[in-house]
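Engineer: Pulled these features from Swiss-Prot for this protein:
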- 254-318: coiled coil (COILED)
- 484-498: compositional bias 'Acidic residues' (COMPBIAS)
- 514-524: compositional bias 'Basic and acidic residues' (COMPBIAS)
- 668-681: compositional bias 'Basic and acidic residues' (COMPBIAS)
- Ser232: phosphoserine (MOD_RES)
- Ser234: phosphoserine (MOD_RES)
- Ser236: phosphoserine (MOD_RES)
- Ser586: phosphoserine (MOD_RES)
- Ser596: phosphoserine (MOD_RES)
- 484-524: region 'Disordered' (REGION)
- 605-688: region 'Disordered' (REGION)
Amino acid sequence: MSSRNNNKLPSNLPQLQNLIKRDPPAYVEEFLQQYNHYKSNVEIFKLQPNKPSKELAELVMFMAQISHCYPEHLSNFPQELKDLLSYNHTVLDPDLRMTFCKALILLRNKNLINPSSLLELFFELLRCHDKLLRKTLYTHIVTDIKNINAKHKNNKVNIVLQNFMYTMLRDSNATAAKISLDVMIELYRRNIWNDAKTVNVITTACFSKVTKILVAALTFFLGKDEEEKQDSDSESEDEGPTARDLLVQYATGKKSSKNKKKLEKAMKVLTKHKKKKKPEVFNFSAIHLIHDPQDFAEKLLKQLESSKERFEVKMMLMNLISRLVGIHELFLFNFYPFVQRFLQPHQREVTKILLFAAQASHHLVPPEIIQSLLMTVANNFVTDKNSGEVMTVGINAIKEITARCPLAMTEELLQDLAQYKTHKDKNVMMSARTLIQLFRTLNPQMLQKKFRGKPTEASIEARVQEYGELDAKDYIPGAEILEVENEEENAEGDEDGWESASLSDEADSDGEWVDVHHSSDEEQKEISEKLNSMPLEERKAKAAAVSTSRVLSQEDFQKIRMAQMRKELDAAPGKAQKRKYIEIDSDEERRGELLSLRDIERLHKKPKSDKETRLATAMAGKTDRKEFVRKKTKMNPFSSSTNKEKKKQKNFMMMRYSHNVRSKNKRSFREKQLALRDALLKKRKRMK
């Protein structure tokens, strides 16, 4: 009887929904009956909107599921649903409100609602005190905007939504403003809204009174996102084999050295592939998209000076200001005295503050402003009353600041710091040596003669630029090396360059070996001698002639770069060579736009750990130590036991006639006889 009742269509909405989707015209009457029933429930709901209604929730989901089957009847259904939500969302029952939102999401997925109006409604619903609803709406907003811009950038919709989000960031409800900011950051991270307008809208959140919003915006610009969430949404993780697959494949296959090498090679390829797919720090490029970084930095500094936030938030503000000043080369002279207040060895997180001071230094800052900063660091850190680590950090900070603003260093201060080259502490000594090495390339004349080292070609050509001076060249420095290397080829070449090139191509295409020119030590020495014999002005003239007369290839630029690097090692004309010519790796590490904390905290000698630290490390190792038994760990803990394990636990009578037992090497008769004799002798001794 119950099964017959379940088959009645008016009371069984899932079955009716299934039949309508198969054949809509055949069930128009049943649909109209349910539609009228829905209307009457809506009228009842309007009288008491705060009352839960399970029947209305079922009817709303039913109408949303079949809305595409009867568009003429349900043309006003999406708008009615939006009106019900917008007028009553504060008093609605949470379950009914969630049902209405899910129905609207379903209608949006069927493209029956305009995205702009729906997303604006959902942003208003973020004010509701319903965490699950906010999470659902956040996911839908991000996914929907991603789908809107899937094929091409839909600027019309994007502009409307960005303007609306700009107003939402200034909303009085902190939760709604925070989620709006999270949406914009997530869309920027996914390269959907990666334009300047999005970035400049996010900059307004840096002046929010709400700490959570302020920290989220600062974190975005500083590139310190929270721990990467390894959700199932990440598409790149599902592609290709994982390390576990490779290990299982090796474990189940034949154990040989060849297969082991294959596994190692495959693991290397997998690691390389993962590194290639790993996205870069997504928000560092956002600093470059700010419209008016000078005004933005000034406002941030004003906020920092009057801020009453926690110390960590102040540190984030200082970090962002220093990055803005360093990257955009801004004039923010009040920032340096503000930082100087915190430059004390006992100051909390002082190494980071030194890093911010170095980041904010650049060649356009007047030297006298940076000089006071350098003197503060030198007086507070580089003194004999401090420990070796403190002095090392101070010298490292001075080195990084002067690398960006060389004119700030005075000759007197440099000579004082150079004296630490013979300090008893190895860390201080090595830091002083790196500072001396820096000024050997920047301005050797500031160093005492004994610290200048052997003069090289680069140090002879080095010239200190005055403040604000631009060194604009009309030639490529080092291009004269090409003329020397290609001099014989140019003399022997045909008048028609195109013809000679085609002839050489035909000769090379015969499949024979092609002579490749390798620069040996003798050839490099000969080239450098020829160049050294030329005056500096003649070198510049030849470099200008080469730069204007030919198009340089990538190989030519590589040769020029290597020649410029050789100048750092080759002795100056008339001086003895300090060491033999050594090969230079062309892929040397370049200095980036930002400093790392390691540049400030670099210690060449690891400090000794005290007794308490060593004891704590030893005790920590003992607590995690298991029994002294080697246990084979299974890759799958729920897998069945092996035949070898089962054999150990079997009854002997079951194993008695097995091949392993019968073919087992047993003792001979003589061995048994000797064993019996020894046993009897031993027993007789015990009896005595």
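Note: Cβ is positioned from N, Cα and C throughout, glycine not excepted.
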Engineer: For a quick check of packing: other C-beta atoms within 10 Å of the C-beta of Ser596 (phosphoserine), how many?
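Structural biologist: Total other Cβ atoms inside 10 Å, all chains included: 10.
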Engineer: Could you give me three numbers for the compositional bias 'Basic and acidic residues' (668-681), the DSSP helix, strand and coil residue counts?
Structural biologist: 13 helix, 0 strand, 1 coil
Engineer: Can you check how the pLDDT averages out over the coiled coil (254-318)?
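Structural biologist: Averaged over the coiled coil (254-318), the predicted model reaches a pLDDT of 80.
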Engineer: As a quick check of your reading of DSSP, tell me how many residues in the region 'Disordered' (605-688) are helical, how many are strand and how many are coil.
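Structural biologist: Per-class counts: 47 helix, 0 strand, 37 coil.
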